[in-house]
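Below is one structure, written out as structure tokens; the observations come after it.
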2 protein chains.
Amino acid sequence: MAIDRKQLIIEAATKSFSLFGFKATTMDQVAKIANVGKGTIYTFFKNKEELFDEIISSLISEMKRAADEAMDSTLSFHEKVHRGLYQILEFRLKHQLTIKLFQEEKEMGTPAVMEVMIKLEDAILGYLKEKIIAAIDKGEIQECNPEVTAFIMLKLYVALIFDWEKRNEPLEKEEIAKLFEQYIFKGLSNR
Amino acid sequence: MAIDRKQLIIEAATKSFSLFGFKATTMDQVAKIANVGKGTIYTFFKNKEELFDEIISSLISEMKRAADEAMDSTLSFHEKVHRGLYQILEFRLKHQLTIKLFQEEKEMGTPAVMEVMIKLEDAILGYLKEKIIAAIDKGEIQECNPEVTAFIMLKLYVALIFDWEKRNEPLEKEEIAKLFEQYIFKGLSNR
DNA sequence: AAATGACCAAATTACTCATTTAGTCAATTA
DNA sequence: TAATTGACTAAATGAGTAATTTGGTCATTT
């Protein structure tokens, strides 16, 4: 069997998107890195966006896998959510592609990137929502709106991991878990 | 006593900033609206940014006043925080100047505007922090890091009021209060 | 049948130059 | 004489445009 051209293209595109972002990656460049004629790309992908989408879909799967691996059925719900969310958000910090896209979204607002980031957020929210519904069923947590709860959990995590360190010393993983427990699971009240 | 030129300038600038934003407001325009020579502006303000700063300082005072008025010493801490924060964020939605600046910050990233928005956020966080410290002292809430707590409360509110409605039906004021109570004050846990 | 790269219309960029702007200061006013 | 003014300047901006680059196609090659 000859070399898998589709795979070469995907790898080349991933490398280039990671290095230069979506907008600054040209199809000529991808073709050159993949050692492939430009036309070949278009036999596998309708256009640049579809190539991008396929890469992001893989990324989402990878994230889900990482989150699942970080969990453990013996853990309490809140430990599970903490580890899963932390894993997902760590992903953003560690993987070149997500870093670059995150930056491109904020700094240039490239439409294709914005779209994909929404898809990514939806995937995380959907994943969280499932876990929350399961936890309610098992009686691990109180009745609550799973959609809003997933949303609040994600926002809280993003705030603690990304927003907080824009102006303060970064919080340790343990501190974040503790804060998450204190606010979402225990509550601040004295009553 | 002759007309208060400084006040005229402040009023003219406020009007123009509200209508056109910081960048699109020219000093000539402010002078014309204020019926004042351009040079006069520079006898009261070192430059355009200082004029802007003075206006924002007033805005912050106004916000504080609005928040204080919305509170009532007979209310529980969480009702107080809810009403105060809600008032402050409503401010953003209702007042021309804040709407325009919020927009200018996101769409154009005008440096002077970015700076001032940080100042505004800091003012809100400082205000919240004070209330939290007082509540801890009075034993109304558990011990906690007032800085982080203020940060979390603000982020949660912004998420519920601004971010949520980007993709969903807006939440009612009462729903927001309920969610705030459920998550921050009561906690989700069953244990 | 699969792969290619020259080709094209459309988009983007680099550049220029006329206009606008923040801030100054000599002249004017009260 | 102290406050006010607006013509003035250097710097910044942005409209207009020419030149380049890009995504995508398709006739040709392998």
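The count begins at 1 with the first shown residue.
Here the Cβ of each residue, glycine as well, is placed from N, Cα and C on the backbone.
It is B:26-45, from the ranges B:6-25, B:26-45, B:86-105, that TrEMBL records as DNA-binding region. Averaged over the DNA-binding region (B:26-45), the predicted model has a pLDDT of 96.
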